[in-house]
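Database features (TrEMBL):
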type	residues	note
SIGNAL	1-22	signal peptide
DISULFID	C32-C51	disulfide bond
DOMAIN	65-210	domain 'Cupin type-1'
BINDING	N109, H114, E119	oxalate binding site
BINDING	H112, H114, E119, H158	Mn(2+) binding site
Amino acid sequence: MVVLKLWVLLLIVSMHGYGTLASDPDPIQDFCIPNPKFGAIGTAHLGILPCKNSSEATTDDFVFSGLKATGNFSDTGLATIPVNPGAFPGINTLGMSFVRADLKVGGINPPHFHPRATEIAYVVQGSIYSGFVDSNNRVFARVIEQGEVMVFPRGLVHFQMNVGEKPATIFASLNSQNPGLQKIPTAIFGSGINEKLLEKAFGLTPKQIGTMRRRFDPKTWR
């Protein structure tokens, strides 16, 4: 009876969304190439679309050539090419995505986190100061060189900076096809949080808060 009650409790919890998963749900078939007849890939709920018939799949569905060149650089010296099922249909429902990141000398990938994925980053070239902060505010960081790998646990803030004398390139893989991305500066100063709260939280003046908002809130860009 006790076991039965426990099972019922676990069932209720999972039905109400309180259970958690370590990664995307396991696929129930070999692969799922999205069917374009059902609309654009990027607009599907959770990034998943109904599959086309497996007999219609081709080798080209499982090959992606979009990482050969560097992307467009931001004002922080970072260029990224994210790859999800919208760009690469062959990874749909496989529980993964990846990204190429290039950093100019001195360029940074600002503190950010992925709420739904663990990330593993491989240095293709260059020297990268790389790290993350755990829930006890302990920093795990060091310079990683070409050929080295670092892992960033799911949901933890992490960052990178090119500390070498040449441009750097990173290839990162994430264990979700929809990992999510929250950049800390933008989430804080670009999301419309009450100014008084920000002033008290960071010890900044209204003028300083205004400066930060103009920098990180897209709605205030001129």
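From the backbone N, Cα and C atoms, a Cβ is placed for every residue, glycine too.
Automated prediction, rather than curation, is the source of TrEMBL annotations.
Here the features listed in TrEMBL are painted onto the structure.
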residue	record	Cβ contacts under 8 Å, 6 or more apart
C51	disulfide bond	Q29, F31, C32, I33, P34, N35, N92, T93
N109	oxalate binding site	T76, L78, A101, L103, F159, Q160, M161
H112	Mn(2+) binding site	V157, H158, F159, L181, Q182, K183, I184
H114	oxalate binding site	F152, R154, G155, L174, S176, P179, G180, L181, Q182
E119	oxalate binding site	V151, F152, H158, A172, S173, L174, P179
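Within 10 Å of the C-beta of H158 (Mn(2+) binding site) we count 21 further C-beta atoms, all protein chains included. Excluding N109, H114, E119, which define the oxalate site, the same chain contributes V99, H112, F113, A121, F152, H158, A172, L174, P179, L181 within 8 Å (Cβ to the Cβ centroid), listed in sequence order.
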